[in-house]
């Protein structure tokens, strides 16, 4: 559409009305007279006839059809999830400002409504967007669209009977609400609605100008993709499926398969879905978490896979622990794994130069590598590498060797340099000669560089002839700390084909004073390379890298001949960096002799200025980037070697493994490392807690005193830090209403014993069941009173138990009531005074836990209220429901109902009302409950609980009698 500006007009006046014939005819079916806005209704003003008089560019809005209306019968319903899902038939009229709905068709005159007040009037300016829902609605042939308001109110779903009416309504909304986005998924009209695109194209152009109706113009600018609008289609479009609720069908949309299966096998009905679909989603999330494997940070998982992501592979604790053990064991092996022998033996010096000392941690490996020198052969590429290195070293004397290494991508991460070995006698023999002939050596090094390529084949042949001779040569002792090799050859064998010159035995060029005897070792060790079948293109990154550090180090080593010589210049300090990087990596030669005198053996590595030390640190930092060739040999390197790019999942696993090792180390400082098996005798299994089994045992050295042993397999514990947490809480929470902690023992690295006092009376659950659920209010008040005192002690220490229930409240033979099982406990801090972790047992959980909201100590008060109902009715609420339905009822029903409240006193009902208050703000604290009239007036002494333990005594007598009878019969 050609824009009309005020500068194009000579006489400013209102545009004339459109011709009468241009108006679209109304639809007899209710399409409305304003449905058609043809191209003849458009006013095209020629700029030639009007002239151009100003430079203003403010466009004039031509809303020709604003006085027209669209009307017709439609079916309407709200998009609310709590409303009726019937489609209501209404007569809809869209005016300039409102969208009106009538129960009956209004009388119309001059395009205005003269009927009764509309049933619903919706201002057009409140429309945020219109979502198209084709092929859906009241009937199979209906088309629907959804009007989404700006004020977050319920959306309005409108179903139109025919496709023509559907398109007419869209045209009307486009005309009346030009700024409203119309399309699927709030992203404008897609190409699946061809009418809107055809409207843009068929409304034509005049004289080559794309002059269309306001309807089509607005569509082209705000809705359409492609075409003459110049707007491209969406880029990188993604459709994220999320869980929702379709009120039309009454079903959820986008449910994962796991959730679908849970709903199909649950007792949650369609009425439950429609009543509170949000609660159903919350329950599904919660139930999946407590039965899956999704451990989040800071989430205790001491119970069967609490807080785990829904993953069928992780549901089996044994499978989880075995997999984790394998990964952890592999990681530990990776740390202690020595470099491959071929890695150490693949290096050949590029020239006859002194060798750096062997790092301490590789001396034994070098010795073992030296034993494989009987095989012959060499790597042709080694000579090429050495040649390139020697040439670069000669031509770039003033350039930092570290930069050369970085350009070759051959840096390897470094660790701290090990102490050098003590010097040998051979070092003293040749150090003076090297010092005297240093200038001559520099001159001949250039000659070696020039003649290296020509002599390559000759040296290879000579080296093969001398390979066996090298095996038979006498050897001299190495340094005291080198474990695997005790002798080194006294005669230098020929070098590998490289840039270095022929040696004394292989060439006519005699350089007796330039060759350090320690080079003999390295030249011999390379025989192992070819016999192992190593390809030249697959040479380990360490092997390639060592060539440069070796050459760069040789010059510095010569300049450190005298023990009192000044520190080398900065260029030589930089030359030390590659050697240090390589030496720390552990891929050095079998050279153990420093070039210093015997009385100062530390100088080759330690004779550095402060700047040299800084250079070493820089090398360690820069060399963390691995070379490409290091990746293939990564398994043979120590764990601290070249860092291969790892995924976030791998890094997370490594952090978990390191964390587990740290936890085990921490645990060893908390527990007793003595073997407990000789101290105790297991009698029988007494029960099972959140993090392990509980056994009845006897202390052998304490007159067979009965104690309880909680035995835990650490490998089966997804969160080992919780075990430390439980032990520390029990140690720090000595109280008469908390089970007394005696000691703990760690057997190996995976078995933990926690020794606690034995409660002969058993759990409160057993007492309730074996007394025919006939606890009177006085006994209930006494048990609640004793339990509250223990909870008060914990809450004063800002500790939440989070698993209060009858199973975790124990009684002894005297009626003492004590809290046990701290596997789910958590400590609140000033920085974190609330928790949101989903832990506990579903039937005793507070609503805020099920809904995954933040909570504090008052979740224990709710659980205490549920435990009180247990003592009254024999079971917690919803116990007969399957867990998913129970969670739904907890989240939606709020305070549970009593089965027979008329049988209870007002005091206990008031006590329950403040314990089971859904609003946490009004739920009582332990301090308030201890002051409650039910506790103050109804509770008694613990001796009054003794009758509840008669069943235990009768049971013990029966067992003794049965045992005596069996013994007598056997005799």
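Including glycine, each Cβ sits where the backbone N, Cα and C put it.
Bear in mind that the values here come from a model prediction, so they are computed numbers and not experimental data.
Swiss-Prot tags one of the stretches 1-40, 41-80 as region 'Disordered', and that stretch is 1-40. Swiss-Prot tags one of the stretches 159-179, 180-200, 201-221 as region 'Disordered', and that stretch is 201-221. Averaged over the domain 'PH' (67-178), the predicted model has a pLDDT of 78. Among the binding-site residues 686, 688, 694, the residue whose Cα lies closest in space to that of residue 803 (active site, proton acceptor) is 688.
If you draw a 10 Å sphere around the CB of residue 692 (ATP binding site), it holds 24 other CB atoms from the protein chains shown. Residue 686 (ATP binding site) is surrounded by 17 other CB atoms, counting those within 10 A of its CB over all protein chains shown. Each of the recorded positions 688, 694, 803 was assessed for Cβ neighbours inside 10 Å, and the highest tally belongs to 803.
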